[in-house]
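Enquirer: Please find one structure pasted underneath; my questions will follow.
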Amino acid sequence: MNSHFYPLAIFVVSITVLLFAIIRLKINPFVSLLVVGLLTGVAIGMPLDEVTKQISAGFGQTLGSIGIVIGLGIVLGNLLAEARATEQIAALILRAVGKKNALLAVNLTGYLICIPVFLNAVFIIYMPILRDISRKTSLPLISLVTALVIGGFATHCLVMPTPGPLAVMGTLNLPSGQFIGWSLLVALPPALLGLVAAKYLMKMPQMQIAEPVGAVEVVVEEDRKKPSGGLSLLLLLFPILLILFGSVVSEMMPKGTTSRQVIAFLGDKNVAMLLGVILAGVLLRPYFKKTFEELISESGASAGLLTLIVGAGGSFGAIINGSGIAAALVEWLSSMNMSLLMLGFVLTAILRAAQGSATVAAVTTSSIVAPMIAAAGANPITVGLAICCGSMCCSFPNDSGFWVISRFSGMTVGQTLRAWTLVSTMSGLIGMALTLLIDLTW
């Protein structure tokens, strides 16, 4: 332990300074990650030219792996939301399960739609719809809100193409098809906890939401032309199914054949997402109020800073790896008998609680643990799942999503802590338990 004291101390100090810069000083995570990464490299004694080399290499490698998919994922979500395809998917599920199972319909809607669309955007779009469902079914609004946000948050944190899972997949160099398949499975029980919690909360008088005065409301244009539910669902799932198809089928075909290469090409995450965006742009064009070019520009603006933050997380991780800190952490963990899965989960949860962003927490942790996987003999897919589950935990008032849910629903801070923070943390724990089970039986 003594021989590793200095690098471990530098690691603790660097994380502390990073969190202080983001939380207390309100410095953007992109700048904070780069500055702390540079200072960490200098403090640990790396040659100055090596520090800048690692910063650039980590940034480039991370964005080279997932940068395109982040941009295309945001574009796809924007296209679906603009055409009101997301609303049609909700209506389709509601018709399939019936009004008596409206909570299940809302829960599954969140689970599906938050695969490509950010939870905050989904919630803002669906809040007026939830109020309408509440009036038509007499279900308490708190139950509908909980069912939607917990169902959606599970796939938001676990299933690409949202940025957190994408960063984990790219940083840990995971096979996209396998990771999607396992993450869809692991996300389901945490999502369904939203349904259980919704039924429990409806029995608590103190958790009922009053119709807020002056609440932010989104106008639902009933007479606006919308795509069919079937088409909407197809466009939502198309890139995911194409990636899964390419991953599974190509492995079953003889190596070196043209057909295998073509299928693997079509199933590549970048190609699949691009084809999904093109297909959505063509088929949903009649339902857009804005031009396709305007939607692309809006998506690019949304993706810009997020992409920089993800890249800077890769830079910080490269410093941790290249400086020898990662190797010291591996040896220290080995002496404590703490598994890399638990480290990934706990560290991500702590980072989430400290700075608020699930994406930043997942990006930072995956960059830290990536070089430890081979040395620890861990399964990279289950390590990735553990990190994603950790990002579901500990959403406090320093998380922008906390305030989006509270403000748009009309919940008080206390109600939001119970219905959102507590339940989402329990969801993360359930996902982690399932991940541990998968790791044991792999």
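Positions of Cβ are set from backbone N, Cα and C atoms, glycine also.
TrEMBL: automatically predicted annotations, no manual curation.
Since we're looking at a predicted model, the values are computed, not measured.
Below, the features straight out of TrEMBL:
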type     : residues : note
TRANSMEM : 5-23     : transmembrane segment
TRANSMEM : 29-48    : transmembrane segment
TRANSMEM : 60-81    : transmembrane segment
TRANSMEM : 101-127  : transmembrane segment
TRANSMEM : 139-159  : transmembrane segment
TRANSMEM : 179-198  : transmembrane segment
TRANSMEM : 231-250  : transmembrane segment
TRANSMEM : 270-288  : transmembrane segment
TRANSMEM : 300-320  : transmembrane segment
TRANSMEM : 332-351  : transmembrane segment
TRANSMEM : 383-405  : transmembrane segment
TRANSMEM : 417-438  : transmembrane segment
Enquirer: The transmembrane segment (179-198) vs the transmembrane segment (417-438): three or more C-beta pairs under 8 Å (separation of 6 or more)?
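Expert: In this chain the transmembrane segment (179-198) contacts the transmembrane segment (417-438) - 3 or more Cβ pairs sit under 8 Å.
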Enquirer: Determine which recorded stretch among 29-48, 231-250, 417-438 has the most C-beta pairs below 8 angstroms with the transmembrane segment (139-159).
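Expert: Of the candidates 29-48, 231-250, 417-438, 417-438 scores highest.
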Enquirer: How about the transmembrane segment (270-288) and the transmembrane segment (417-438): do they have 3 or more C-beta pairs under 8 A, pairs 6 or more apart in sequence?
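Expert: Counting Cβ pairs under 8 Å, fewer than 3, so no.
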Enquirer: At an 8 Å Cβ cut-off, counting only pairs 6 or more apart in sequence, do the transmembrane segment (300-320) and the transmembrane segment (383-405) clear the bar of 3 or more pairs?
Expert: no
Enquirer: Per the 3+ Cβ pairs under 8 Å rule, pairs at least 6 apart in sequence, do the transmembrane segment (332-351) and the transmembrane segment (417-438) touch?
Expert: yes
Enquirer: Cβ pairs under 8 Å only, please: of the recorded stretches 29-48, 60-81, 101-127, 417-438, which one is richest in them relative to the transmembrane segment (383-405)?
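Expert: Out of the listed stretches, 417-438 contacts the transmembrane segment (383-405) most.
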